Amino acid sequence: MSRRVAQIVCAVFGVLMFLLFFSGHPTAKAITLAITTQYWQVIAAFALIVGAVSFVRVNVKAIQRRQDIPFRAIGLLGMISMPVLAIGWGIGGSSPFLWVFENIQAPMQSTVFALLAFFVASASLRGFRARSIPAAILLVSAVVMLLSRSWFESTTSSFLLTASDWLRNYPSMAARRAILIGIGLGSLTTSLRLIVGIERTWLGGSR
Amino acid sequence: MKKLESRHWAFLGLAIVVIGTMLLNLEPDLDVSPDTIRMHAFIDSLPAGSIILVSFDHEASALPEIKPLATAFLRHAFGKGLRPVGIALMAEGTAVGYRLMEQVAAEYHKQYGIDYAFLGYQPQYIAAILSLGESVKQTFPRDYVGHPYDSLPLLREVHKLSDFGAVISIADGNMVTHWVEYGRARFNVTVAAFVTAVMVTSYDPYVSSGQLRAMVGGLRGAAEYEKLIGIGGAGRRGMLAQAASHLYVLALILVGNVIYFTTRSRKGRG
Amino acid sequence: MDFGTIIAGLLTLAILTFLYRDNPIYKLAEYLLVGVAVGYALVIAWKSAMVDLLFTPLFGQGDWSLLLPLILGLMMFGRFHARTSFISRVPLAVLIGSGAGAAVPAMLGPRILTQVSGSVTPLVGTDGLPNWSGLIVIVGVLSTLAYFFFSREHRGSLGVASKVGTWFLMIFFGTTFGYTVMSRMSTFIGRAEFLLTDFLHLTR
């Protein structure tokens, strides 16, 4: 029963959003605004809360099972401290909330990404081999791109710059364009299948 | 202590190359690419006083690339007398955008609510773009710190997406795609983007088709933009290390291939 | 040096210890990061969507049209238990249906049609010379699409086309790899600059 109701709701909202695209009438605009701000945004925010609560539940369960207690505890402490700081001192300019973001979250998060620089270097040594013609094409294209962005004024070979810009703007762009068109066709058919109820995997279990 | 493996030596080499070149404190001059020239000319072409929407569509992980790009762009925008309204379509872009706009606006003695504003974040990006197209006020009834929309004089001049002179997305993912496919296509607003280098090739088709007005990518793009506006920054400071790290990766590729072909020919003979 | 810089510097070094191997210091920093990031996202979403779009207009201004979105949102909490998870299908249906409905015109127009029309350029310029680059784009788009066409076996002319498509894809992957290297190096350079300048004061 709930599956049938959900399918009908999905189809109604899908058809409605599709039809609203073609209308400039003030009523159509008002409905679009209501769906996007009142329904879409609000439900998405509730989904975020579900995610945060799940994070707490997973960690509390792990602590109860005595798994990684100090790590789980510090994770929970970090999670709980942010709302507490926001409620206590706000989220503006000199708030502790922003301080934690700028001095704890942002430095760590960007450093986690910086680790990738090292793994890229290691992969270049161990995995980037001209084993076949396509692999050689990939390698040459990457080398031209990197070399062209490694020199400074008047020392860069104009041939290298021209070659790298041409590679990016024509053959590389053409392949990316085909991928975009392919993804577009896939998204289009998936959206239509969702609206008409052929695609039902998102409904999950049988109840 | 664990024995060091080949990857550890590759890591160590990279650290030495980057830190070593940074300690030299050199800022060599560099060529400016056509991409950066196009973006600079586009921002320059906007009349002084234009209200532009600046969307911080990135996570904190991309800050080392995004911050120099956004700073250079905001300096250009404030210096030219444009009036940016900031939003974020990714949660972490909110704090970054708010702080950056506050800092750069202070450099140019701009006043909050009159010369710039920051509206904050909405969680569902496509919904946010579609609702901005109909009403900015109903999408963001209050700004980031809680001022009602109508209490800020700057915001009283804009009602919907098409009232903005342009949308500038500062992004590390595929949010620019949504600005182009939902914002530009439906509400006819000009979209330009400052993106991380890794996203550059993904957006080339949109630049080629004219859907994306201009695009600048990566720390190199930031360095070039800094050169064009004549104000140095993190982009230019990092360029020598950037070039050295590229050459280091190229050397590793070369070494890897030499080892591969040597081993293969030995096996072939064996 | 302010306290924030010391904390940021120490946490940066804690994350970098992973380069040697996984260790408790890295793990502690990792868990702290995940926790703080979840808390941060929760606060920002709560303020912007729940307070500004739901609670203030509903309870402050008496906009009762928001009662239904509130009920739908609360139905998401059904996911907390296996027995009640089925009730979250309805709010999910709103999200999925709206997204699919909005995506159809967006995919059809600005994605597929504009990208196809962007590929169709005159093959002979106004000066009478062939437009080789335009030809490369057309061949590249068609051959790459042929590579992704799996409804027929890749033999004969389709096999040739898909092979040419592979070469175009390799050029794309190569340029993307080049830009990925640039991006990752920039990220490390940014962190190295913070450590050398703000934390250790070794550079200007």
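The backbone N, Cα and C atoms fix where each Cβ goes, and this holds for glycine too.
The structure displayed is predicted, hence computed values, not measured ones.
Within the chain carrying the transmembrane segment (A:40-60), a Cβ under 8 angstroms from the stretch's Cβ atoms is held by residues 72, 75-76, 79, all 6 or more beyond its ends. Under the heading transmembrane segment, TrEMBL lists A:40-60 (among others).
Feature annotation from TrEMBL assigns transmembrane segment to A:72-92 (among others). Here the transmembrane segment (A:72-92) has long-range neighbours at 52, 55-56, 59-60, 62-63, 98, 100, 104, meaning same-chain residues at least 6 beyond its ends whose C-beta is under 8 angstroms from one of its own.
Annotation source TrEMBL lists transmembrane segment at A:104-121 (among others).
The transmembrane segment annotation in TrEMBL covers A:133-152 (among others). Listed by sequence, the residues of this chain that lie at least six past the ends of the transmembrane segment (A:133-152) yet keep a Cβ under 8 A from its Cβ atoms are 160-161, 163-165, 167-168, 172.
The feature transmembrane segment is assigned by TrEMBL to A:178-198 (among others).
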